[in-house]
Amino acid sequence: MLWYDEKKGEMTLIHYHAIVTGRVQGVGFRYFVQGEAVNRGMKGWVRNTDEGHVELKVEGEQQEVLDFLKTVRKGSPFSKVTDIQMEPLTEFAHYQDFRIR
């Protein structure tokens, strides 16, 4: 992960993996996540899991990613997020866009 270095003025990039639980399938949650990610310039993907959760990976500027994950935790109008497990990743995948898988 790269963290912001004020002296160099570099952009801070981070990569996160998250599993979202609750009422998150069949309610447009993946489309909500994709829309939020695209609006913030995030790259990555989101998909449903066989266990009824939603999984995502996201790369982007540190503060934007953290704000994005807070929005995901709040959920969409028809979803009910009960938990989100987030894990920072140390390697980047260099996604080209944000997709629903």
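Any Cβ shown, glycine's included, is placed from N, Cα and C.
Feature annotation from TrEMBL assigns domain 'Acylphosphatase-like' to 15-101. Residues or ranges marked as active site by TrEMBL: R30, N48.
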Mapped DSSP class for N48 (active site), helix or strand or coil: strand
Mean of the pLDDT scores, which run from 0 to 100, over the domain 'Acylphosphatase-like' (15-101): 97
Intrachain C-beta neighbours of N48 (active site), sequence separation six or more, cut-off 8 angstroms: Q25, R30, V54, E55
Packing count at R30 (active site) (other Cβ atoms within 10 Å of its Cβ): 23
